[in-house]
C-alpha cells in the first residue's frame, strides 16, 4: 500500500512539473549570445529613430517586465559586423575582465535612458541616436558577443 501511494505521489509530481516547466519563460533558457541579440541588436531600423523608438523597443524586447531597465543601447548594424568586433582590439571590461573588444570604427546606435520621473510599469525613455565606438564582451569558440559593456 505504501509503495502504491509513493507511485501516485510521484506521478502527480511529474504531472505538475510538466505543467510548470513550459511556463518558465524564454529568459530561463536564453543563451548569453541570444540575450545580447535580443537586448542590443536592431539592424533593420532606419538611420534615425523616432522619439518613441526606445519606449516601443524596450517593451517589445522584454526589458520592462517586472522593472524598467535604466539604460540600454541598440546597435543598427548587421549582426556579422558586430560579431566581427570580437576579433578587434581587446580592452579591459568595466568589471575588470579581459574579454572585451572595442569596435575599430563607429557604429550607428540608439541609446535609451529611463526618464527621471518614469516609474514601473509606465517605463518612459529618452531616445538618442549617435555614431560611436562600442565595447562588447565576447565568449565562446568562435567568439560571439555576450554583453554590451560601453559606448565611447
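Positions of Cβ are set from backbone N, Cα and C atoms, glycine also.
A quick note: this is a predicted structure, and the numbers were derived from the prediction, not measured.
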Legend entry - Where Swiss-Prot places region 'Disordered' among the ranges 8-30, 31-53: 31-53
Legend entry - Sparsest Cβ surroundings (other CB atoms within 10 Å) among the recorded positions 54, 71, 86, 93, 112: 71
Legend entry - For residue 54 (disulfide bond): DSSP state (helix, strand, coil): helix
Inset, instruction - Give the helix, strand or coil assignment DSSP yields for residue 123 (disulfide bond). - result: coil
Inset, instruction - Please list, for the compositional bias 'Basic and acidic residues' (31-45), how many residues fall into helix, strand and coil according to DSSP. - result: 9 helix, 1 strand, 5 coil
Legend entry - Pairwise CA distance, residue 69 (substrate binding site) versus residue 147 (active site, proton donor), rounded so that it is a whole Å: 15
Legend entry - Distance check against residue 40 (active site, proton acceptor) for the recorded positions 54, 73, 100, 113, keeping those with Cα within 10 Å: 73
